[in-house]
Every structure is written in C-alpha cells, then in structure tokens.
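One structure below.
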Amino acid sequence: MTPSQWLDIAVLAVAFIAAISGWRAGALGSMLSFGGVLLGATAGVLLAPHIVSQISAPRAKLFAALFLILALVVVGEVAGVVLGRAVRGAIRNRPIRLIDSVIGVGVQLVVVLTAAWLLAMPLTQSKEQPELAAAVKGSRVLARVNEAAPTWLKTVPKRLSALLNTSGLPAVLEPFSRTPVIPVASPDPALVNNPVVAATEPSVVKIRSLAPRCQKVLEGTGFVISPDRVMTNAHVVAGSNNVTVYAGDKPFEATVVSYDPSVDVAILAVPHLPPPPLVFAAEPAKTGADVVVLGYPGGGNFTATPARIREAIRLSGPDIYGDPEPVTRDVYTIRADVEQGDSGGPLIDLNGQVLGVVFGAAIDDAETGFVLTAGEVAGQLAKIGATQPVGTGACVS
C-alpha cells in the first residue's frame, strides 16, 4: 500500500471513532465541537506567524506551527463536546435522543474530516518534507474534503500555507494534486560548459523588487525579449513599487508595463539596457531533450542548471494569489533542480533559443520544475510596446 492509502485509512479510522463520539454527544455537542474546531484553527493560523517567525529552521517551523494549531483545535473540540453533553443530558424523550444522536454522528464526521483537512493543507506546500507532502497530496479522502470545502473556509489554511512555503515559489498545482512525473534520464552535467551558455548569459538579468506593503525584497530572474524590455514572472514583482534590473553588476531602474497574475508573466521597461534580446524557439521541445535553466538561484550569481524535458502538458492550478478558480496553462515539466531566484529565467535549447519561462518547482518531487512554454507566453509579446506603468497587485504572501 502507498503512504497516501495508509493516510486515508488513518483518517477514516479517526472519523469512525469520532462518529461514536458524535452518537454520544448528540447534535448540539457535535455542532459546538465543530465551532470549536473552526475557532481553534482560526486562532492557530492567526497566532502561528507571530510565534514561528522566531524559528529559523524550516522543518522546526513547520512542526511548531502544526503543533500549535493541533493543540488549539483539540481544545476547541473538547470544549464544544463538554458543553454539548451538558445540554444533551436534559433531553429525556427517547425518539428525540435517537434523532439527536444520528445528527451528532453526521456532524462529528464533518468535524473530524474538516480538522484533518485543515492540518493537512499546510503540508501540501512543505518543500522541506517532500515525501510527506506527496503522501498528503495523494490522499483521496482529503481531496474529496477539499472539493467540498466552501471558498470562505479555504482561506483559513491558505495563510498558513503561504507562511510555511519555504520554496519561495508560488503553488503551481491544486493542494491535493500530484505532480505528473514522466521518467527521463538525468540531465547532462556537461551542459553547463556548452558555449551557448556564455553566449546567452549577458541577456539574462537579475531582478530585485521592493514590496513595502508586505515588507519584502523579492528576487528573481528575467531575460531581454526586445530592446529595453525584459520578461519575468509576475510573482517576482508582485506588490512592488521599486524594481531594479542588474545586467552584470550594473543596476538599471525598471518599470512594470505589463502584469498578468493568471499566466504569471510581467514585462519590464528598462531604458538603455545594453544586452541583446533572446529569440523564442519556433518549435516546441520534445520529451528527453537536453535544455538549460538560466537564472540567479537564491539571488546569488548567474547559474546554468542542466535540465531535461519531461513532457509538455496542459496544467490546471491556482494563479499566483492562490485563487480557488483554477487557470490552465501550457507548461513543460522538466527534470532539474529549480530554486527560488530562478523564477522568470529562460529555459533555452542548445541553440540558445528560449523554450519557455521558469515559474515553479514541484513540492512533492525535488527533481521537477515547471516552465511556461513559448506558446503560452506568446500572447504577452503584444505588450512589448507598452510604456505606461501598471499596478503590480498585492503581495503573493
């Protein structure tokens, strides 16, 4: 059996025990328990950022946040059950007690499944625990709960998921969707010395954005697409009011003239930018093709990362703000180690042509990255001539 199946069995077992408790507690006790779970989870999500912000280790931060939420959820549920049982004791009529018990079973099942879902959601964004994230993402039971959850309820764990997303990259897939992984050979390490890397390096720039509303400095990569124009990811400049492009070691002030959070693409106007533009490939890449990711991982030095195309797919998932309404994009999945800071960088073929724009990495598979295809971003090229500044929306998290 898979870890996901064991997780489903565990959740259903706890739900069965909860159903017995619901029979004894009755409808009111179970409803109060449900209210206690929601209040406990909400309190945990509100308190967690202030408490775990003092913890530097990502793994310790994850488990500290989950322990806090679990403790408050348990306190809320127990308080609700105790209050409910006190009221139930006043019901003497046997038929009414029977109806009360049946309703209690149903409500208590909802309580436990909701609590399990609330605790599992942050784990789907934990890059520090890829095996655990994979098990949670593969859970059929939790996936059904996620489908049934109302939009307002999904905002409760969303804040904590953003806090615990240590990858620095926005979620690409729905919380309980597994990354599609087509097996391909390991990338060729010799690609870093291919002459095409040195030839394209000047046109790949580092981007630093100041987002004072969320007290963040955002770092990513971009590349020249026409004279004085740079393409990058929207999440690299989200919420910013000051953007600087670095060509080599020289800084250039930039203005965001196009911002699309659905596709996750932004275009920057950068006057007097000297590097020449890169050219987009006319033909799509095939599975197994040698390719290279160019970027500034971690906001550090220019790095060429060997990669290999897994497949080209139509991928459905959230936009950069995690909107519940999914967007569908043409994407390459690649075998490569994509890191924070690579966002917005080009994926090039061995002719130096751009196959797409890097925009994410898989949580449940450390060797898989996501790239918007050249065809997907082609529509954005119509905005190259824009000159007026546009808004950059809210901060991503």
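Even glycines carry a Cβ here, placed using N, Cα and C.
Positions annotated as transmembrane segment by Swiss-Prot: 9-29 (among others).
As annotated by Swiss-Prot, transmembrane segment applies to 32-52 (among others), with the evidence given as sequence analysis.
Taken from Swiss-Prot, the feature transmembrane segment applies to 62-82 (among others), supported by sequence analysis.
For 102-122 (among others), the entry in Swiss-Prot reads transmembrane segment, with the evidence type sequence analysis.
Per Swiss-Prot, the feature domain 'Peptidase S1' maps to 193-384.
Summarising the annotation, Swiss-Prot assigns disulfide bond to CYS214-CYS395.
The active site, proton acceptor feature in Swiss-Prot is assigned to HIS235.
Annotation source Swiss-Prot lists active site at ASP264 (among others), citing sequence analysis. According to DSSP, ASP264 (active site) sits in a coil region rather than a helix or strand.
In the structure as shown, the Cβ atom of SER343 (active site) sits within 10 Å of 30 other Cβ atoms. Here Swiss-Prot flags SER343 (among others) as active site, drawing on sequence analysis.
Looking just at the domain 'Peptidase S1' (193-384), the mean pLDDT is 94.
Local packing around the disulfide-bonded residues CYS214, CYS395 was summarised as the count of other Cβ atoms within 10 Å of each Cβ; on this measure the leading residue is CYS395. Nearest neighbour of CYS214 (disulfide bond) by Cα distance, taken over the active-site residues HIS235, ASP264, SER343: HIS235. Separation of the C-alpha atoms of ASP264 (active site) and HIS235 (active site, proton acceptor): 6 Å, rounded to the nearest whole number. Reduced to three states, the DSSP call for HIS235 (active site, proton acceptor) is helix. Cα spacing between HIS235 (active site, proton acceptor) and CYS395 (disulfide bond): 8 Å, rounded to the nearest whole number. HIS235 (active site, proton acceptor) is surrounded by 28 other CB atoms, counting those within 10 A of its CB over all protein chains shown.
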